[in-house]
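> Okay, here's the structure, questions in a sec.
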Amino acid sequence: MSDDVNEPWRNLILERVKEESHKSKPFEHIFGSYRNVCDTLSRFVENDARRRKASGIAGGGSVDEESSAVLQQLDDLKATHHEMLKKKEANDQRLITAKYDVERLEKEKTNLMNERDTALRKADEVESRRRDVLAENERIRKANEETERAMTELRDEHMVLQMLHTKTSDDLKQCQMDRDELLERMKELKMKQIEFFNMETEKEEQRQHQRKMEQINEAMKTMTAADKNFELVDEISDGGGYFAGDVLPTYLVHKIEGHDGEITDLAWLSHGDSFFSASSDHTVLEYDVSGTVPVKRAKFTGSTQGIMRLDVNIEQTMVLGACNDKKLRIWGIADQRCRHELTGHTDKVVTAKFLANGTEVASGSSDRTVKLWDLRQRRCVRTCMVGSTVFDLVTNDKIGCPIISGHYDKKIRFWDPRTDRDEPEALLMENKITSLAVSSDGLNLLCATRDETLSLIDLRTMQVMHVYSAEQYRTTSDYSKCCISPGMQYIAAGSADGSVFVWNLRSTKLEKTLSKGHSGNAVLSLAWHPRGNMLVTGDKKRTVCLWR
C-alpha cells in the first residue's frame with residue numbers, strides 16, 4: 001500500500017534530478033577541467049613529496065632549491081585555480097543571464113507562435129468568408145440572371161394579360177349593357193306582374209264585396225225590427241284599449257336615446273302604454289309612453305352579448321330575449337328578474353317567440369336549427385335541423401303551422417311540432433329572408449327579402465298576393481324588420497338611408513315616407529302600436545323614434 005502511495009513522489013524526484021542534470025549539462029566541461037587540474041595538482045604534490053623524500057635520503061644539496069621551485073609552481077597553480085574560479089563565477093553569471101534570456105526568448109517565441117496561430121486562424125476565417133462571399137456572389141449572379149429571365153417572361157405575360165384584360169373589359173361593358181337592359185326588362189315585367197296581381201286581388205275583393213253585399217241585402221230583407229235596434233260598436237282589445245282603426249303616421253313625436261348600441265328589436269305591451277327595446281349593448285329597456293313624455297320604466301340585464309329579438313307572452317308578464325351569447329333569457333316584467341335561461345344552441349340565437357299556450361318557446365339560431373322549449377321542464381323538447389341559417393321566426397295560432405321561419409336559402413319553412421314530420425313545408429322566395437310578420441287575423445304573412453322588396457303571402461293558399469317596393473327603399477341588413485298595422489291597412493319597413501316606408505296593404509301604394517327622424521342612420525327595427533295610432537322605430541345609432 002505504502003509503495004503505491006510513495007511511487008508518484010519517486011517519479012517526481014527522478015524528474016527533478018533529470019531537470020537539474022539537464023540544467024547543469026552546459027557546465028560539465030568546466031567541472032571536468034577543474035577536476036583534471038585538481039588531479040594533476042594532487043599527482044604533482046605526491047610526486048614532489050616522493051622526490052623530496054628520495055632526495056633527503058640520498059643527500060640534501062639541492063632540496064631547498066627544488067622545494068622552492070615546487071612551492072613556486074604550487075603558487076602558480078593556486079593562482080591559476082583562483083583565476084579559474086573567477087572565470088567559473090563569471091561563466092555561471094553569464095549562464096544565469098543566458099538562461100533568463102532563453103526563458104524570455106522562449107516566452108516571446110511562444111507568444112509569437114500563438115500570434116502566428118491566431119493570425120493563421122484569422123486568415124483561414126477570412127479565406128472561408130472570402131470563399132463564402134464568392135459563392136454568394138455567384139449565387140446572386142445566377143439569381144439575377146434567373147430574375148431577369150423571369151422578368152422577361154412576366155413582361156411577355158403582362159402584355160398578353162393586358163391584351164386579354166382589354167378584350168375582357170370590352171366584353172364586360174357589353175355584358176353590363178346587356179345586364180342593364182335585362183334588368184330594365186325584368187323590372188318592367190315585375191311591375192306588370194305586380195299590377196296583374198293587384199288587379200286580380202282587387203277583382204277578387206270586388207267579387208267578395210259584391211257577394212257580401214248581396215248576402216247582406218238578402219239578410220236585411222229578413223231582419224226584424226228588434227235586430228235593427230242593434231248598432232255596431234268598436235271591438236275592445238285584449239289589453240283593455242279601444243281600437244279605433246289604423247292611423248297613417250305623418251310626423252315625429254319623440255326621439256329617445258337610452259341605449260349604447262344599435263336598436264335591434266321593439267315590442268309593445270298589448271295595452272299600448274309601454275314598449276320594450278332590445279339593443280346590442282346587452283340590455284332591454286322598457287319605456288312608458290302613457291304620459292306626454294316617454295319615461296324609462298325598467299332595465300333588464302344579464303346577457304353577455306347583444307340581444308337580437310324580443311317577444312312578450314300572452315299574459316303580459318314576461319319578456320323573452322334572443323341573445324348572441326347562444327342563450328335565451330326570459331325576464332319577469334314586474335321585478336326585472338331573469339326567470340329562465342335556456343341553453344342548447346351552438347351559435348348565436350337570432351330570433352325567438354312565445355307560442356300561444358304561453359308555456360312553450362320557439363327559437364332560431366345561426367347554428368341552422370330551430371328548437372322548441374318547454375318552460376315547465378326548462379329544457380329543449382325538440383330540435384329541427386334546417387341546414388340553413390335562420391334569420392327570423394314567428395308564431396301563428398290562427399291557421400296552419402304554429403311556427404314559421406325565414407332562412408338564408410330563400411325559403412320560408414312551416415313547422416308543426418304537434419306532428420312527427422322532420423321535413424317541413426317550404427315556400428321558395430326570390431332572395432334570402434330578413435324578417436317575417438303575421439297579420440292580426442293570422443291569415444297573411446308579410447315577408448321582407450334582400451332584393452329590396454316585401455311580399456304578402458296568403459297562408460291559406462300559400463300564394464303571394466302583393467309585392468311592395470319603392471325606388472329609394474333599401475334593405476338595411478339580414479335582420480332588418482317589417483311589420484303590419486293592427487287593422488291590416490298598412491305595412492312598414494325601415495331603409496338603409498334612415499327613412500321609414502309605409503305602404504297601403506291592399507293597393508301596394510307607397511302612402512308615406514318618414515325621413516326626418518333618424519338623420520340618415522339605417523333603420524333596423526319597428527313596431528306598430530296595438531291601437532294602430534303610433535309607430536315606433538329604432539336605428540343603428542341607438543335612436544328610437546315615436547311617430548303619429
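Indices start at 1 and increase along the chain as displayed.
The backbone N, Cα and C atoms fix where each Cβ goes, and this holds for glycine too.
Annotations for this protein, taken from TrEMBL, read as follows:
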COILED    95-226  coiled coil
REPEAT    256-297  repeat 'WD'
REPEAT    342-383  repeat 'WD'
REPEAT    485-513  repeat 'WD'
REPEAT    521-548  repeat 'WD'
> With DSSP helix as H/G/I and strand as E/B, how many residues of the repeat 'WD' (521-548) fall in helix, strand and coil?
0 helix, 15 strand, 13 coil
> Sort out the residues at least 6 away from either end of the repeat 'WD' (342-383), same chain, that have Cβ-Cβ distances under 8 Å to it, and list them.
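Tertiary neighbours of the repeat 'WD' (342-383) are 305, 308-309, 311-315, 320-330, 389-395, 397, 402-403, 405, 413, 415, 417, 479.
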> What does DSSP give as the helix, strand and coil breakdown of the repeat 'WD' (256-297)?
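In the repeat 'WD' (256-297), the DSSP-based counts are 0 helix, 21 strand, 21 coil.
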